[in-house]
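What TrEMBL annotates here:
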- A:30-103: domain 'Phosphoribosyl-AMP cyclohydrolase' (DOMAIN)
- A:ASP77, A:ASP79, A:ASP81: Mg(2+) binding site (BINDING)
- A:CYS78, A:CYS94, A:CYS101: Zn(2+) binding site (BINDING)
There are 2 protein chains.
Amino acid sequence: MTDALSELDFGDDGLVPVVAQDVDTEAVLMLAYANEEAVERTVETGRAHYYSRSRDELWEKGATSGHTQAVESVRLDCDGDALLYRVHQDGGACHTGFRSCFHRTVEGETVGEQVFDPDDVYE
Amino acid sequence: MTDALSELDFGDDGLVPVVAQDVDTEAVLMLAYANEEAVERTVETGRAHYYSRSRDELWEKGATSGHTQAVESVRLDCDGDALLYRVHQDGGACHTGFRSCFHRTVEGETVGEQVFDPDDVYE
């Protein structure tokens, strides 16, 4: 691991929250979590890896859907307990077919575009 | 609370992670946490509120530094366990004086600009 990575604070549960941001549109695509192995694989391969808390396993984004994230850079925040993946998003980041998981406001308004039909992607 | 807000999942600890994004530059500024009261106050006042895990208290961004965040909109993600505050950032979001808390890469490179001297702001 590089010097900056060694400063990462994975907390009691061994995870850090990760924000994925689209470098092409600057949209915030999703928030997920990574353990140390997920961060290492992301840096080594240039493909976004996360840790699924519900499935309790390492997870490469797009492994099922084909909607991968090519990682341009990984940034950490001032106190080392959050990460920012700057990515080129293939297709949509959201399992609902939207480009971004943040596709609705608290007032219930839909923002952003649906770029694929989830029924065509997930069986 | 609006319909969409009532879908928020605050989890076991009563908190959701919040990404703050600058509507003027689209930069991701910071990641923090909010409890239900922080979200309600943010929506009611239009000023970003969070919950400090270290100080264990509700917190209005900029109350000490003056570097407030005027919230243009609040979005929630597909499964309702993360929020995105779209904000106009006054000054810098980071206590180190940088515009964004994500001002360094895992390779140790500094990105972004320091917009204030923290010694002038925090006593």
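Here the Cβ of each residue, glycine as well, is placed from N, Cα and C on the backbone.
Locations of recorded TrEMBL features on the structure.
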{"residue": "A:ASP77", "record": "Mg(2+) binding site", "DSSP (3 states)": "coil"}
{"residue": "A:CYS94", "record": "Zn(2+) binding site", "DSSP (3 states)": "coil"}
{"residue": "A:CYS101", "record": "Zn(2+) binding site", "DSSP (3 states)": "coil"}
Q: Restricting attention to the domain 'Phosphoribosyl-AMP cyclohydrolase' (A:30-103), give the mean pLDDT.
A: 96
Q) For A:ASP77 (Mg(2+) binding site), what is the tally of other C-beta atoms lying within 10 angstroms of its C-beta? A) 25
Q) Which one of the binding-site residues (A:ASP79, A:ASP81) has its C-beta surrounded by the most other C-beta atoms within 10 angstroms? A) A:ASP81
(Q) Can you give me the same-chain residues 6 or more apart in sequence from A:CYS101 (Zn(2+) binding site) with a CB-CB distance under 8 Å? (A) A:LEU29, A:MET30, A:LEU31, A:ALA93, A:CYS94
**Q.** Nonlocal residues around A:CYS78 (Zn(2+) binding site), in sequence order (Cβ under 8 Å, 6 or more apart)
**A.** none
